[in-house]
Amino acid sequence: MEISSSALRLPFLFLLVPLLLFFLLSPWNPLHNLSGGGDSAGRRTQFPPKSLTSISPPPAEPRSPPRNPLDPLTVGEIHRVRSILSSYQPFLHHFPSIQSMSLDEPDKSRVLGWKSGDPIPPRKAFVIALLDNQSHLLTIDLDSGRVETHEISSGSGYPMLTMEDVVAAVQTAVSYPELEASAAARGLSVANLSCISPSPGWFGPDEEGKRILKVLCFSKQGTPNFYMRPLEGLVMTVDVDRREVLQFSDTGKGIPIPGRANTDYRFRPGNKPPEMERINPISMEQPRGPSFTVTDGHLVKWANWEFHLKPDQRAGLVVSRVVVRDSETGAARSVMYKGFPSELFVPYMDADEGWYFKSYMDAGEFGLGATAMPLVPLNDCPRNAYYMDGIFVSADGQPFVQSNMICLFERYAGDAAWRHSELTVSSGGQELREARAKVTLVARMAASVGNYDYTFDWEFQTDGLIKITVSLSGMLMVKGTVHDNMNQVQNQDEMGPLVSENAIGVVHDHFITFHLDMDVDGPNNTFVKVNLVKEENVEGKTPRKSYLKPKRHVAKTEDDARIKLSLYDPSEFHVVNPSRRSRLGNPSGYKVVPGGNAASLLDHSDPPQLRSAFTNNQVIWVTPYNRSELWAGGLLVYQSHGDDTLDVWSQRNREIEDRDVVLWYTLGFHHVPCQEDFPVMPTVAASFQLKPVNFFERNPILTARPVFEEDLPVCRPSESASII
């Protein structure tokens, strides 16, 4: 069966966006440019989208050597790893599929002891490869050119999917004869379909011993937003490695495909303007240029902050070696060794055959960096932004460029960093007015994991605070229905909300768990829960009957540090260095300040919850540092059973007092869709903060210089603007 290039192209959106597909599959893609040839071109099917043929390919990474022990693998190093593996005895006759490749970072103690100008520690790569349905975990020493360790995983789960896996599954599905019949029953041909390949989760022994993908199909007729037009009830289960359809189910032939009206979200100059007054363009100008610098490709310096910033194929954006300069002494003081999103769990709340398995683990199954699109200038990031590319690896071991993946910019929204005004009556009515403008530095990336877009912000303030925000937008995953109005539904509680005619917005959750290796003034820290306890005024010396009193509880073990939020059991959560005291005797610390949040309501024995047991605590876990415990859902997440999760590690109940500890924080969203989420949902965000507590001797920005009129350029409204 011949399938048009466009019919094959759009299904791959669930893993990688069309722009990335074009880069990887077109004749001039950066893999070929970077590799200088090789066998990858002969093994790759070519179908570049016509609409993108005028776009220039992304630039190659400069071939400079790494300057920091934490710098990601370079293009040259990736080529060297591939060369080493090509001559490695177990892979001589069959080169494996490279599911992921990353820097195997030096021991933490060695990184902490390294200073700029010192020799770079030996560079190593960590590779997860798939061969003969086995996951191979390899460490390669780039200096000696040999495989240092090689282990075949014996646990459950498979590595992240590659684009080649998705291509194989979709090509297998669209070639299946019964799909053509199901499409024809709905008045469509296979060429009218876009098919995606969501992960299947894990639901029992029938799924053992093989990598499977579920394939779902949609009508793309008349709209780029095919997600709004599902072929409800049609699910194909595909064995990825054997290229075989294991199960074909179509229970929805009587359910109409939702219409295409009002689904196109693209901007066109002739579009009807919104029914609101136009907002004139806004831009923050920096007449003297940005205040931050990026040296050696990854080292960021701004105001009193310094940190290492790099892209990662799985985590997306990683910040490391975060230090802040003391306003009293000028000394650089450690705050965090490493922080990144460790896993993203998205369970849908529908038990139907075509929906029960939708419980995605987006970081471990698809990769937040692998699904990151180039950011959109002036809309994703302001004019004053600096952009950073990612260099990742495809299944054949060749490097590719993820261009403009991270942006870095200063932000000013008219907020005050601190202020106070007062009329001093005793001094004859003297007026005091002091305020300081709040300017922050933001590191941002956005992952487009199929229908959803996740924006990750790390925002640094001059007062020592770090704000971490996750913003959600994109398209809903909708379910087709015979109903086009809620008045037709007798028991509305048994059906999800209609967001458009014949389209139900299925209720779902999002949970994002962050790995935060806190090093407050050094590696050895202690987690302290400061409970706010109601005290009764029993002596009755004053009319007050009750008040709040903070009571400190030092967490000795992992069990002591499991935190579930409750408004009626308020607490503060401090990570302190008991060996570093302020002039007043308080331990130096940072506290976690939760924002809006949600908790998983799934049964702990439910298969999706077994795999995502790191969401059983909402919101905090604390574990002793272990360089192998990076991923809250486990190293190998795909079809895993939940036997290698944060919950499993923490059951050892290890000691954590005055130790090198890692704090895990989970952001949560319950999403009950509504009509305003159609056809693309407005952005919704949640955040938490890492705030200094007794870290500085006093307000660290007390003496910050105010902004004066002469500091800024003269900007006047145009003659056409009206001022009222």
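Including glycine, each Cβ sits where the backbone N, Cα and C put it.
Remember, TrEMBL labels are computer predictions, not curated facts.
Some features that TrEMBL has for this protein:
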| type | residues | note |
| --- | --- | --- |
| SIGNAL | 1-30 | signal peptide |
| REGION | 37-72 | region 'Disordered' |
| COMPBIAS | 56-69 | compositional bias 'Pro residues' |
| DOMAIN | 69-149 | domain 'Copper amine oxidase N2-terminal' |
| DOMAIN | 159-258 | domain 'Copper amine oxidase N3-terminal' |
| DOMAIN | 283-701 | domain 'Copper amine oxidase catalytic' |
| ACT_SITE | Asp362 | active site, proton acceptor |
| ACT_SITE | Tyr452 | active site, schiff-base intermediate with substrate |
| MOD_RES | Tyr452 | 2',4',5'-topaquinone |
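Reported as a whole number, the C-alpha separation between Tyr452 (active site, schiff-base intermediate with substrate) and Asp362 (active site, proton acceptor) equals 10 Å. Same-chain residues at least 6 positions away in sequence with a Cβ under 8 Å from that of Asp362 (active site, proton acceptor) are, in sequence order, Glu343, Leu344, Phe345, Val346, Leu368, Thr371, Ala447, Val449, Tyr454. Across the range of the domain 'Copper amine oxidase N2-terminal' (69-149), the DSSP-based residue counts are 21 helix, 27 strand, 33 coil.
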